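> What TrEMBL records for this protein is below:
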- 37-58: transmembrane segment (TRANSMEM)
- 64-85: transmembrane segment (TRANSMEM)
- 155-179: transmembrane segment (TRANSMEM)
- 186-211: transmembrane segment (TRANSMEM)
- 223-244: transmembrane segment (TRANSMEM)
- 265-291: transmembrane segment (TRANSMEM)
- 311-333: transmembrane segment (TRANSMEM)
- 361-379: transmembrane segment (TRANSMEM)
- 385-407: transmembrane segment (TRANSMEM)
- 508-532: transmembrane segment (TRANSMEM)
- 544-568: transmembrane segment (TRANSMEM)
- 547-597: domain 'Cationic amino acid transporter C-terminal' (DOMAIN)
- 574-592: transmembrane segment (TRANSMEM)
Amino acid sequence: MGSGVRALMRRKQVDSERTRAAGSAHQLRKELSVTQLVAIGVGSTIGAGVYVLVGTVAREHSGPALTLSFLIAGIAAALSAFCYAELASRCPSAGSAYHYSYICVGEGVAWLIGWALILEYTIGGSAVARGISPNLAIFFGGQDSLPWILARHEIPWLDVVVDPCAAFLVFVVTGLLCVGIKESSFVQGVVTVLNCFVMLFVIIAGSYVGFQTGWVGYKVAGGFFPYGANGMLAGSATVFFAYIGFDSVASTAEEVKNPQRDLPLGIGTALSICCTLYMLVSVVIVGLVPYFAMDPDTPISSAFAKHGMHWAMYLVTTGAVLALCSTLMGSILPQPRILMAMARDGLLPSFFSDVHKTSQVPVKSTIVTGICAAALAFFMDVSQLAGMVSVGTLLAFTVVAVSILILRYVPPDEVPLPSSLQASLRLSQENDEEKLRGTLGDDDHEQGSAEISDVVVESINDPLIEKQLYASNLNETKRRRTAACSIASVCIGVLILTTSASATFLPFLVRCFVCAFGGLLLLAGLGMLCWIDQDDGRHSFGHSGGFICPFVPLLPVMCILINTYLLINLGGGTWMRVGVWLVMGVFVYIFYGRTHSSLTDVVYVPVAEANEIYGQSSSSGFVA
């Protein structure tokens, strides 16, 4: 039991130039700049949902206040983006949230995050691919008019509706991703720019019509907040998922030319562009048509049609198809890199870590990802499983925020030393001992050692030095212990608070009492984190010189609170299906990952001592 717990808690080291050189056979090509990162982030985030979401949320939750719902959701997403930006610049390696949690939290949590992200990207890519065929049907006059290769077909004896168009598009995207990151990012950039032009058309043309007609949507009887502030906040919780996708930028960290500068810029710029476009589109569409008269399925097309612009339907549908294609690429792109990162760490077979010599992308992982996504898109109607996509993302957002707190207050002060370097350490210690004996002589060795020991003991026994050393070590140990308990208090308090607040079946007084208890734990932990000092080791953790997340600990704690609340409210059916997948992952870890992990035989030593050992091994020509 003790060894199993230690396995769950073991943490790996941030990839350094030394470790990258040792594993150069599995390294990805650095090709990406800020422009390409922005294209990946915007393309992965702005899906076809925005062309539908504005109508549904405006009718049911926000009304004319839809713009504020998008703004609040964008601010909430920015909290996670700040956390991702710091960790991506400090730890620029493939794997995204899996990689960060493995370094800061531990192997057990990292495995669950990686396993959940595998499910997210597979189902997400399949769901996006299944949505392309219905949009194409608009150009042909309906589903029945689609060509045979593009139409869906029912297999009577299996009661299954297959979608060859979806599977074909997944294979096309998979082949493009296998060619190289530079080529695939260029294509995604072109598609994303075209989609943005369609959205700009909606904004500009819609504004012209709005000024001509007097913005009738803002003159409704219910006012700007027909459903009140609660309705606006409920709309924010719904449209928050429209911002999911910027984390795809972090998964390409290893392929960025200047990650310390470009990754934070790419994440921040992509999220800002998405938020701006969402808000401008919602301002225009809500103003053209009263919120209660919106078509929930095609709000943008129907808004233009009511003002005599029927031809705009085809342009808006083109934008939706482009958005789906770009999102499909953004869904399939990260998963092979997560599989590769997990295989590098020994948690999955080494097959997934192979990098093609020419294209320098994980071709085998990409092909496996494409086959699985294409099979799901071809055979299954994954719309009912779409909620499972959000679980992986929200879990990743939460753990990344927790990792920021750990990095700032209790960063790892020990690093794993491989078994090969343990042998080098023993050899180095034996050589040092022989040199000492040769210098002092065999007869004088014991006498010299005794004299040195007397000097050391005399120095340590000095009252002033002894008091300073003891106080310094005691204060640092106490600070780290207090910080760790405070982080745990925050996490437990958030979980109790969000669970009890969502448990509507409980009596009112019981809910209030439990919420108050959770809130006290949360505030106590947050107050203690604000009071104590952050760890000095944070300055040297990972790669320095990158983005620093502001307002710590308040910003990560707010991020944890928001994401946990959204997780709790995803519904029991979604959690049941995700639970089955996570249980499968636990068995895979127990029977394979735990025993094949690259940290199985390591010994943890202080950072300074590890650097000295690496220096000695490199000078002696020993390679780990």
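Every residue, even glycine, has its Cβ placed from backbone N, Cα and C.
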> For the domain 'Cationic amino acid transporter C-terminal' (547-597), DSSP counts of helix, strand and coil?
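Across the domain 'Cationic amino acid transporter C-terminal' (547-597), DSSP assigns the residues as follows: 40 helix, 0 strand, 11 coil.
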> What is the average pLDDT across the domain 'Cationic amino acid transporter C-terminal' (547-597)?
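So the average pLDDT across the domain 'Cationic amino acid transporter C-terminal' (547-597) works out to 93.
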> Given the transmembrane segment (186-211), which of the listed stretches 64-85, 155-179, 265-291, 361-379 has the most Cβ pairs that are under 8 Å apart from it?
265-291
> Considering only Cβ pairs within less than 8 angstroms, which of the stretches 37-58, 265-291, 311-333, 385-407 has the most against the transmembrane segment (64-85)?
265-291
> By Cβ distance under 8 Å, which residues at least 6 away from the ends of the transmembrane segment (311-333) in the same chain are close to it?
40, 43-48, 50-51, 121, 124-125, 128-129, 131-132, 135-136, 138-139, 169-170, 173-174, 176-177, 184, 187-188, 191-192, 194-195, 198-199, 201-202, 205, 245, 248, 251-252, 298, 300-301, 304-305, 366, 369-370, 373
> What parts of the chain pack near the transmembrane segment (223-244), using Cβ distances under 8 Å and only residues at least 6 beyond its ends?
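Same-chain contacts beyond the ends: 45-47, 49-50, 53, 56-58, 60-66, 68-70, 72-74, 76-77, 271, 274-275, 278, 291, 389-390, 393, 566, 569.
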> Sort out the residues at least 6 away from either end of the transmembrane segment (265-291), same chain, that have Cβ-Cβ distances under 8 Å to it, and list them.
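Cβ under 8 Å, 6 or more out: 34, 37-38, 40-42, 45-46, 50, 54-55, 58-59, 62-64, 66-67, 69-71, 74, 77-78, 81, 84-85, 88, 196, 199, 202-203, 206-207, 209-210, 213, 215-218, 220, 226, 239, 242-243, 246, 249-250, 256, 299-300, 302-304, 306-307.
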> Which residues of the same chain, at least 6 past either end of the transmembrane segment (37-58), have a Cβ under 8 Å from a Cβ in it?
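For the transmembrane segment (37-58), the nonlocal Cβ contacts are 64, 66, 69, 128, 131, 135, 185, 188-189, 191-193, 195-196, 199, 235, 238-239, 241-246, 248-249, 252, 256, 262-263, 265-267, 269-271, 273-274, 277-278, 281-282, 285-286, 291, 294-300, 316, 319-321, 323-324, 326-327, 329-331, 333.
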> Which sequence-distant residues neighbour the transmembrane segment (361-379)? Criterion: at least 6 residues beyond either end, Cβ under 8 Å.
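Contacts of the transmembrane segment (361-379) (Cβ under 8 Å, skipping residues fewer than 6 from its ends): 28-29, 121-123, 125-126, 129-130, 160, 162-164, 166-167, 170-171, 173-175, 177-178, 180-181, 331-332, 335-337, 339-340, 343, 351-355.
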> Short question: which residues 6 or more past the ends of the transmembrane segment (385-407) have a Cβ under 8 Å from it?
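Long-range Cβ neighbours of the transmembrane segment (385-407): 79-80, 83-84, 86-87, 90, 96-97, 100-101, 103-105, 109, 112-113, 116-117, 119-121, 123-124, 127, 241, 244, 247, 487, 490-491, 529, 538, 541, 549, 552-553, 556-557, 559-560, 563-564, 566-567, 570-571, 573-575, 577-578, 581.
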